């Protein structure tokens, strides 16, 4: 194997010209070698761009797609050249949402002048190979739009493409390979460019991104609006910001001046401000407009560093006196930060930032928001005056009659104007104009809420033993609504159509029975859709309140309107499934801090072929899941969180029985479920018979019942933040169900619509469906996907409604700060910042995740458990449910986790971070030791712990397809994969690991039951599994790790490893802290994530811990004391832990252990709770050695025991009230030590105290090294001078 040299391993070659000079040369050379050795090594990690997929993912293919990726169809995975386009299934990103599209200016009317070409910027040299290179641009064909790119994100342009959507002729489809390839790009002096065909003259918005064949969104979503019809190109700068002109080199602004008369004689510019060379000649001798460019004449002005603004005057030097000023007023431009060109025209007073002379204050849309108000959005309203807005505005009704504007209100920050008047006609639109901008109003959701909000019953209610169905649909803008009924045995066969009658407040109603002449006596199992006619257009829509569906196949969606969305089924859920189903009585659970949540995917849990012979029900189903529940009961978790089980879009349910045994990471009939189609109906993917709409209901009820029988609860993962397709709700009622842009168009996310939960009927949908799921299925909680996309009020209302039904219910969600809402209508979001205002719903803590194992945006970089030093106080704060990136006023606000379904598994991220190939026995063991450290820290943290399925045994999503055992070409890389390398740059054996497996096969996604349960075949995995089981038992055996309030935590939890004391650095890989349980028992947690043994000095304050029993060591954990613990030893100063070892100690209130101690066994023989496979290892399996990482390195000794806690820590401890006698004595010891230190400053800030800390050796070694270098260099120089004199 070739070893990649680091920066300090460069080979130095010297020529010794003569024997006399040899000694001097060698000495100087040696000094240089030593100098290089003294230089810190800089390692270069492989770049891992953020994966942000585009908004559009399922439209029409472009003519020149990217070269196909390696991800196969599942039919011939070993053929790496076989085509395999990605399934258009949706992706959600836990770490961070897709970049919002650029918000462009409004469409103008005036084209830019075309007075010549200009290419004055410096040419860009690309390292990418050039297929077609032209220095001058080719003309742009009619109905095409040219996109210029300064530089491509990656070197291999053939593996990158332009993914397009919105107003293009053929939006891209088949992510990621359907993009327009840069292989076909041309090149000019600016960079590369591609031409995209538009869908016609009506095209206004072009959205795009640059991706690669590995499925990475390299630029984030971008968009450009055509400011005028003739606008046909845009530029991306080096940071991929979009401009309507060619960006200039940094430090320069170009002033373009266009005169319609073509006369530039003696026209000049006088300028000042943040410019390098302000005009200083004799007035009025300005800088002449002599250079000719694309937009008239121009002057390039060098700017000062960090320039913000400059002022200028346009001059006509042929005139005299004050007439020399073309305009008497000074011009001032204040946005040099964002623009490198400005555009002037004749004597126009405006400074334009586009070459089409479109005014900055432009109307961009209009909405009818109330019976007395119309709201218009504007590009900007900075400097706008009320009288000017009134003067230039006009509103007419649908008959063309002018409507009096009685008042205007300007919202400069929100960029909107509200017109007051009599706008009581809610059936017809109004026309609003401002200067040359004119818009027809869209009916705002606010007007619909005011006029049509409805609180009655919705959906289909099956009654009278199936003989009658009561239908109610809300669609106030519909002109006509009918129900289309399909045959129960053939969902494609129409039985008949019945018109609905218009009801109150926008509803449509009908009762189906024997009088409807459909020939149906029992409607149970029949299917239906709503046919809605609106303004001459007819659509078929899915009932949003449907209780079940026909079998769904998204591959058929393009057949016709009847197949683009599912068909609802008439069912009565109350009569299905176990009749004794009730709310769960969960063991070891009273409050949310007691929960131990286990996240699982229904299909993954039973798709392992190794258990096929053991299952009596079809794999991947609700029924099969029941057969493996005892494993989770044995593990000890309180709640099972199921990835989405409600109907999702991109899947073929009719093929759910087909096992995806070949390795593939795209084009799989598999889905996580984050592309919702309906919020009441279950998917058929996990049913034993997807064709039977009642089966899925009965089987899911039975699963919940069996979970409850085992003393566990069920949490549903729900996805209200976006839908699979925007039309699912737009067809029901346009411009209502989603959050809206300022012009009234729906906002999208991940290809679907962002559900606008601030709108009354959308909030009803969310709250009603949550209530239905609790009432019908008796579930015990909800996890909200991208909860930060929602307003806090809606989530709070849903929580209260659900808790009214099930008082033990818990809610949690992703609280990332992603709220978009309705444009310019901010409100309180249900994100992490909300936690200080509520104690109802919890959020995931990315702070503990990122600090313990790394995460966005630095996933894969060393963190606490992977060798990366972290701030000890930050780690401690996270462990006591006080993350540093948001305020939690209750420990239950915080979900403590280091792994979830998103991104790499914990095992894989550890391997990536420490750069060690798990195929090597010693590396495999080390990864597991680090994994156990992470699991211990999460399970002993305050708050609510969360476990990803398989995290307990070291689940991996390594891509073990033989065709990918070594790296492949960029255009063959598996979709959603990371290529992992060791510290020398060598790829791992099977180097590809799937980080987001939502479209991968069962081979990638399966829960590996052999690794989880077979201690002979996989001892290291089963040891980790048993370790997790023991940690859960330990957590549940005491309240110490489940404190209920911040005050309790402040009183009972104390940091032992204070930074700056006893050898603990500010940033370190060790931590120790103590907890006093409410019953007086004292617990201590010590973690050594260092690669060498570390000693923890207990001093006198924590000397009582010497009498503790050990509950966790390097091999096992539990609530029972370990007789002969491994990996730790008591020393004179305290406790020493081996490398990569943690321990939990307990000092019981009565001074004795709670139970008889357990004997530590040499090989920690694990339990076999479920499945025991005694067979030999499969040929491709991972090794499972018992080897340990090298722990023979010198111990890191601490300073003497006289080093005391810092004053701040001591004071905080001394002030805390005593709860029990032992706790009081501990605090008294701390107080006494703090008194001795009372006159001293914090150790970390005092030079004298720093001298007491142990030397690491680095400082002294460097001094000696540089002294040696200097001596060698001087000796060498002396030899050379001496030789020179002799010569």
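Backbone N, Cα and C define each Cβ position, glycine as well.
Quick caveat, the model's predicted, so the values are computed rather than measured.
The annotation signal peptide is assigned in Swiss-Prot to 1-44 on the grounds of sequence analysis.
Taken from Swiss-Prot, the feature region 'Disordered' covers 42-139 (among others).
Per Swiss-Prot, the feature compositional bias 'Low complexity' maps to 48-61 (among others).
The compositional bias 'Polar residues' annotation in Swiss-Prot covers 79-90.
Per Swiss-Prot, compositional bias 'Low complexity' is recorded for 99-113 (among others).
Swiss-Prot lists 122-133 (among others) with the feature compositional bias 'Low complexity'.
A 10 Å cutoff on Cβ-Cβ distances gives residue 670 (Ca(2+) 1 binding site) a total of 27 other Cβ atoms nearby, all chains included. The feature Ca(2+) 1 binding site is assigned by Swiss-Prot to 668, 670, 999.
Residues annotated as active site, proton donor in Swiss-Prot, with similarity to another entry given as evidence: 814. There are 27 other Cβ atoms within 10 Å of the Cβ belonging to residue 814 (active site, proton donor).
The feature Ca(2+) 2 binding site is assigned by Swiss-Prot to 835, 838, 839, 889, 893, with similarity to another entry given as support. A helical conformation is recorded for residue 893 (Ca(2+) 2 binding site) in the three-state DSSP classification.
Annotation source Swiss-Prot lists site 'Transition state stabilizer' at 902, citing similarity to another entry. Following the DSSP three-state reduction, the secondary structure of residue 902 (site 'Transition state stabilizer') is coil.
The region 'Disordered' annotation in Swiss-Prot covers 1147-1255 (among others).
Residues annotated as compositional bias 'Basic and acidic residues' in Swiss-Prot: 1156-1203 (among others).
Under the heading compositional bias 'Low complexity', Swiss-Prot lists 1212-1225 (among others).
The annotation compositional bias 'Basic and acidic residues' is assigned in Swiss-Prot to 1228-1239 (among others).
Look at Swiss-Prot and you will find 1253-1257 tagged as motif 'LPXTG sorting signal'.
What Swiss-Prot records for 1256 is pentaglycyl murein peptidoglycan amidated threonine, and it gives sequence analysis as the kind of evidence.
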Practice problem: Starting from the Cβ of residue 902 (site 'Transition state stabilizer'), draw a 10 Å sphere and report how many other Cβ atoms land inside it. | Solution: 21
Quiz item: Which one of the binding-site residues (839, 999) has its C-beta surrounded by the most other C-beta atoms within 10 angstroms?
Solution: 999
Quiz item: Looking only at Cβ atoms, how many others are within 10 Å of the one on residue 893 (Ca(2+) 2 binding site)?
Solution: 30
Quiz prompt | Pairwise CA distance, residue 839 (Ca(2+) 2 binding site) versus residue 668 (Ca(2+) 1 binding site), rounded so that it is a whole Å | solution = 41
Quiz item: Around residue 838 (Ca(2+) 2 binding site), how many other C-beta atoms are within 10 angstroms of its C-beta?
Solution: 17
Quiz prompt | Cα distance (Å, whole number) from residue 814 (active site, proton donor) to residue 838 (Ca(2+) 2 binding site) | solution = 15
Self-check item: Remaining residues near the recorded Ca(2+) 2 site, that is with C-beta within 8 Å of the centroid of the site residues 835, 838, 839, 889, 893
Solution: 834, 836, 837, 840, 842, 888, 890, 892
Quiz prompt | Averaged pLDDT, computed only over the residues in the motif 'LPXTG sorting signal' (1253-1257) | solution = 34
Quiz item: Any idea what the Cα distance is from residue 889 (Ca(2+) 2 binding site) over to residue 670 (Ca(2+) 1 binding site), rounded to a whole Å?
Solution: 40
Quiz item: Out of 814, 835, 893, the recorded positions in the record, which is closest to residue 999 (Ca(2+) 1 binding site) when you go by Cα distance?
Solution: 814
Quiz item: Between the binding-site residues 668, 835, whose Cβ has more other Cβ atoms within 10 Å than any of the rest?
Solution: 668
